[in-house]
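Swiss-Prot feature annotations, pasted as is:
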type	residues	note
ACT_SITE	Arg291	active site
BINDING	Lys116, Glu200, His235	ATP binding site
DOMAIN	1-445	domain 'Biotin carboxylation'
DOMAIN	120-316	domain 'ATP-grasp'
Amino acid sequence: MFNKVLIANRGEIAIRIIRACWELGIKTVAVYSEADKRSLHATLADEAYCIGPAPAAKSYLNIDAILNVAEKAKVDAIHPGYGFLAENAEFARAVKKAGFEFIGPNPDAIEAMGSKINAKKIMKKAGVPLIPGSEGAIEDIDEAIEIAEAIGFPVVVKASAGGGGMGMSVAYSKEELKEVIESARNIAKSAFGDPTVFIEKYLENPRHIEIQLLGDKHGNIIHLGDRECSIQRRHQKLIEEAPSPIMTEELRERMGEAAIKAGKAINYDSAGTVEFLYENGNFYFLEMNTRIQVEHTVTEQVTGIDLVKAMIKIAAGEELTLKQEDVKIRGHAIECRINAEDPLNDFVPCPGKIKLYRSPGGPGVRIDSGVYGGAEIPPYYDSMIAKLITYGNSREEAIARMKRALREYVIIGVKTNIPFHRAVLEEENFLKGNISTHYVEQNMHKLREKMVKYALESRDLYSVVSEKVFEKNKKIAAAVGGLTMYISQIMKENEVNNKEW
């Protein structure tokens, strides 16, 4: 087992990894940017080093700076968390070349899934179901029109190197297709440095369901069940749950088998996720995330398996002790991503200082957070404040606990999307499990009224707290003022006494 691990990340995931390391008896090293010098992860770790200015390109994406700290701190391994360098094959190779273990999959697996076109070719060969579309890059508009007419409009044009919905556009006719392809290429070139695009059949109302994998360096690979991730905004997940409300044992077995085929096709040897789109009884490969997912928490809650500790053990060379038949799904878990953003203003990010912070608790409540009262939410990174997770014996109990926990949650100083989550958890379609990746835009008109109500509750709470703080501060100010006058008088008397002496 490792003696010391560097965490090349920030926020809640850095703290999650620190906790896993401590439970395994491993010392931790944090890295932080100048904007994060007072961050919780930097304070919590056994050692912490500044790696550069606030912009991620000069700090959390600075491979040389991270490796210099790893060498200085004499670590054994590096965990990338998610985001930043987590799915960068060159970083994984650089870590190994420098003599450290990379706590994640082998670089070849990362690289294989980094290109969507390449990933589709691998999945087709492995027998994993694919969305109908082009087999490779689109070279010219005539070819694109021919493919689109063969599979039927609407079609979606995607960037091969893309992620998070960037470089993705829908065309409903051949007249639209040319413009959409040009736009997608320009966005892909600007965002990813690669203008390559491809075409797929556009699924009108799919669900986003993913399968959690766990593989080791000895050829073993298992799946840990499914997660429902359909509640999204601009292809960014907001609410996740395990298992999916529509999941059956038969469907889970089929999707699990497909995910394992995907993992085996690239010799996968860590925690990873195979994402599928599901519609009308069929599921199709979307992409594979070669890292720990933000939403790994709900899988941990329903399986009892610590995924971060498993990643560390696998990287240290340990063999999986679990067999597929050992994995049991018990109960239901839901995760709400608590972000510093305004859901009533198109979810615009709201960086700033948290003036008061009180997290919820009670039965079945877990919170993975990287903040505290007085902490700054900087504008340079993702706006996520925390992940709120609830667990219950049933979906209904998990929802009831989440509603309670959201009601208890107090964050004052920055706007958050808590009103959005509270509104969703009362909406009829969500409660029935009738959701898709278009849920937010399809139901926003219904959600808005309740979001306003809950936002006003937050504002009223802020007013009450501010008034109490003001009254308290007035008393403190008066006490300090009196003490200052007293000290000043003593100092004057001392000056007189000293002079006389």
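Cβ from N, Cα, C; glycine included.
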Can you tell me how many other Cβ atoms are located within 10 Å of the Cβ belonging to Lys116 (ATP binding site)?
21
Can you tell me the three-state DSSP label for His235 (ATP binding site)?
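The three-state answer is coil.
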My understanding is the cutoff is Cβ-Cβ under 8 Å with a sequence separation of 6 or more in the same chain; which residues meet that for Glu200 (ATP binding site)?
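Spatial neighbours, sequence-distant, of Glu200 (ATP binding site): Ile131, Pro132, Gly133, Ser134, Ile151, Val155, Val156, Lys158.
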Measuring Cα to Cα, how far is His235 (ATP binding site) from the residue listed as 'active site' in Å?
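So the Cα of the residue listed as 'active site' lies 18 Å away from that of His235 (ATP binding site).
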Give the sequence-ordered set of same-chain residues, not counting Lys116, Glu200, His235, with Cβ within 8 Å of the centre of the Cβ atoms defining the ATP site.
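Neighbours within 8 Å of the Cβ centroid, excluding Lys116, Glu200, His235: Val156, Lys158, Ala159, Gly162, Gly165, Met168, Leu286, Glu287.
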Other Cβ atoms within 10 Å is the metric here; tell me which of the recorded positions His235, Arg291 scores highest.
Arg291
Look up Lys116 (ATP binding site) in the DSSP assignment and report helix, strand or coil.
helix
Looking only at the domain 'ATP-grasp' (120-316), what is the mean pLDDT?
95
Hey, how far is the residue listed as 'active site' from Lys116 (ATP binding site), Cα to Cα, in Å?
16
